[in-house]
Amino acid sequence: MTKIKVPANGQKITVNQDFSLNVPDNPIIPFIEGDGIGVDISPVMIKVVDAAIEKAYGSKRKIEWMEVYAGEKATQVYDKDTWLPDETLAAVRDYVVSIKGPLTTPVGGGIRSLNVALRQQLDLYVCQRPVRWFKGVPSPVKEPGLVDMVIFRENSEDIYAGVEWKADSPEAKKVIEFLTKEMGVKKIRFTEHCGIGIKPVSEEGTKRLVRKALQYTIDNDRESLTIVHKGNIMKFTEGAFKDWGYEVAQKEFGAELLDGGPWMQFKNPKTGKNIIVKDAIADAMLQQILLRPAEYDVIATLNLNGDYLSDALAAQVGGIGIAPGANLSDSIAMFEATHGTAPKYAGQDKVNPGSVILSAEMMLRHMGWYEAADLIIKGIDGAIAAKTVTYDFERLMEGAKLLSCSQFGDAIIANM
Ligand SMILES: NC(=O)C1=CN([C@@H]2O[C@H](COP(=O)(O)OP(=O)(O)OC[C@H]3O[C@@H](n4cnc5c(N)ncnc54)[C@H](OP(=O)(O)O)[C@@H]3O)[C@@H](O)[C@H]2O)C=CC1
Ligand SMILES: O=C(O)CCC(=O)C(=O)O
Ligand SMILES: [Mg+2]
């Protein structure tokens, strides 16, 4: 069943063997509108991106947007049980670069996360979330400008992958019986009525993530990489993540122990400057980012830590309303907002579209369309400087003018 309408005038982005992209002047970009506030933010994102491209390149370049479906909209377009159609997965894979709005995951029962499913099924193993402050954005901290970090969150493993069984299910009972009877585990406090989850963390999954983070550190002339883990408690998962992370730095990037270790250092082959590789335990890291943010730069961490850390850091620079992100494999890139579907605001033309717009800005850079990406930054800078902002900023800014979601998009365009 084909519900996707392929634009007649566009062309596919293709990938070379070295994973570089061939981007035509009229690439077809699949987009998932998203549940909840997806209906508000996605059209605004498209309008802003189209305006930036037109301003940068005139009629020479244009994105041909192709709607593909997931989440609640897929259940309307296909049938009530189809949340993630095969043709959506195929389109995201074939067209190489895509963007999505947020998708709902019910708490407790119901469907498993479609966001996690997309990441797993397309093996988008890096979740890259840059966090920096835009001048003028209201923040709960004294010096938000000190926050300039890029999180590399492992996106395919960990307890977050959802290998778990419900309390009292035959599966949970079987796993608990195996652990207590065959493995001699005595540490499960209550073996009756007990849900159980598994936390897989592999050498391959860890190393490919840390490798990407280190390469980014080199390519972007950053000062340090911090491996964030809870390895004191979860020794063979989070602790192993730390050890494998250092091993990649040492064996593949030539890092050497600093003052006897465990921290390491190597020279950036492109600039000759030193890059420090260090680690921090996750709970302490959550206070470090508040108290000493200037000391942290690129971060490599596990899936769940990265989820917590990215929302916490976003709050320091104005909230998840403007925190962007990308899900990446070596060849496929799917850009997405950091926030969720914020159901209480759905359809009200109210929320901040900044997060998905800045995700699109990352997408344009990924495509090599730097001039259009720069215009989006200029537009956002200008709209914020003029104090013309959505409710989330307006409620914290003195003398600001409250704009709707779509009006904020127009303000970005007016300031390009
Ligand atoms: N990648 C994805 O698709 C994600 C999906 N989700 C899913 O989204 C659903 C809702 O999750 P929930 O925990 O409520 O988190 P949300 O991120 O949806 O919302 C939490 C709060 O964050 C603020 N917020 C979120 N988006 C914006 C925005 N664009 N502009 C301004 N403020 C914003 C609002 O704060 P305030 O109330 O202060 O105005 C909102 O109430 C769940 O089903 C969850 O699984 C969650 C995260 C990511
Ligand atoms: O999949 C979900 O519903 C939540 C995802 C999430 O919180 C995230 O990707 O940061
Ligand atoms: Mg999250």
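Don't overthink the numbers, they just go from 1 along the chain as shown.
Positions of Cβ are set from backbone N, Cα and C atoms, glycine also.
Small disclaimer: the values here were computed from a predicted structure and weren't measured.
Features of the protein shown, as given by TrEMBL:
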- Thr104, His339, Gly340, Thr341, Ala342, Pro343, Lys344, Tyr345, Asn352, Tyr391, Arg395: NADP(+) binding site (BINDING)
- Ser113, Asn115, Arg119, Arg129, Arg153: D-threo-isocitrate binding site (BINDING)
- Asp307: Mg(2+) binding site (BINDING)
- 28-412: domain 'Isopropylmalate dehydrogenase-like' (DOMAIN)
- Lys100: N6-succinyllysine (MOD_RES)
- Ser113: phosphoserine (MOD_RES)
- Lys142: N6-acetyllysine (MOD_RES)
- Lys242: N6-succinyllysine (MOD_RES)
- Tyr160: site 'Critical for catalysis' (SITE)
- Lys230: site 'Critical for catalysis' (SITE)
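Of all Cβ atoms in the shown protein chains, 24 besides its own fall within 10 Å of the Cβ of Arg119 (D-threo-isocitrate binding site). Ser113 (D-threo-isocitrate binding site) and Thr104 (NADP(+) binding site) are 7 Å apart (CA-CA, integer value). The recorded positions close to Lys230 (site 'Critical for catalysis'), defined as a CA atom within 10 A of its CA, are Lys242 out of Arg119, Arg129, Lys142, Lys242, Asp307, Asn352. Close to ligand 1, meaning a Cβ under 6 Å from one of its atoms, are these of the recorded positions Thr104, Asn115, Lys230: Thr104, Asn115. As a whole-number mean, the pLDDT of the domain 'Isopropylmalate dehydrogenase-like' (28-412) in this prediction is 96.
Here Lys100 (N6-succinyllysine) is positioned 27 angstrom away from Arg395 (NADP(+) binding site), judged by their C-alpha atoms. Counting every protein chain shown, 20 other Cβ atoms lie within 10 Å of the Cβ of Ala342 (NADP(+) binding site). Only Ser113, of the recorded positions Ser113, Tyr160, Asn352, place a Cβ under 6 Å from an atom of ligand 2.
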